[in-house]
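K.L.:
Sharing the features that TrEMBL gives for it:
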- C33-C126: disulfide bond (DISULFID)
- C80-C132: disulfide bond (DISULFID)
- C81-C134: disulfide bond (DISULFID)
- 1-24: signal peptide (SIGNAL)
Amino acid sequence: MRGSHLLLCLLSVSCWVNFLPTAGDKIFRLGACRVSISMTEIRASFTAIKGNIQSRDPIRTLSILSHPHSLHKVKSSDRCCITHQLFTFYVDKVFKHCSTEDSFVNRKISSIANSFLSARRKLEQCHEQNNCVCGEESTEKFKQILANYEGLNVTSAAMKSLGELDILLDWMEKSH
C-alpha cells in the first residue's frame, strides 16, 4: 500500500514536470489556445545570423511583414489564426528556400525552423479543435503578407522574410 502511494506521488510529479515549459519557453495565449514557444532559443539563433541574412537582401525599400497594417492592431480573437498562418508560411515557404553556403548559418536556420515546426503543430491542434478561428481581418492581413512575398522571386522573398523575423517575434511578444 505504501509503495503504491509513493508510485502515485512520483507519477504525479513526473507528469507535472512534463507540462512545465523548459527554460526560455514562453507561454503565449492566443485566443483560446496556449502555446509554449522557445523564444530565447529562436532569438539567439536569429541574432547570430541576422546580419548575414539581412546583408543578402537587395531590396531594402520593400517589407513583407511590416507592410502598412500587416500585423498592426490584430484583434485578440484573430491572433491564434494569423500566428498559425505565419508559422505555416515560414515552415512551408520561407525556411525551404533559405539555404546558404555557410554551414553555421544553415544550422541556425534549421534550429529556428524546428522551433517553428513544433509551435505550428501545437497551433494545428487548436485549429483542429476549432479553438483557433480565422476571421476576415486575419485572412486579409495574411493575404497581404502573401502578396508581398509572392511579388519577389522565391529566394529573395525567403531571405527577406527570414531577415524580418524580428518583426514577427516582437509582434508576438507585444501581443502576449
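Every residue, even glycine, has its Cβ placed from backbone N, Cα and C.
Give me the local environment of each listed feature.
P.N.:
Note: C126 (disulfide bond) has non-local neighbours L30, G31, A32, C33, V35, C80, H84, C132, i.e. same-chain residues 6+ apart with C-beta under 8 A of its own C-beta.
Using a 10 Å Cβ-Cβ cutoff, C80 (disulfide bond) registers 25 neighbours.
Applying an 8 A CB threshold to same-chain residues 6+ apart, the list for C81 (disulfide bond) reads G31, H127, C132, V133, C134, G135, S138, T139.
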K.L.:
Just checking, which of C33, C132, C134 (disulfide-bonded residues) has the fewest C-beta atoms within 10 Å of its C-beta?
P.N.:
C134
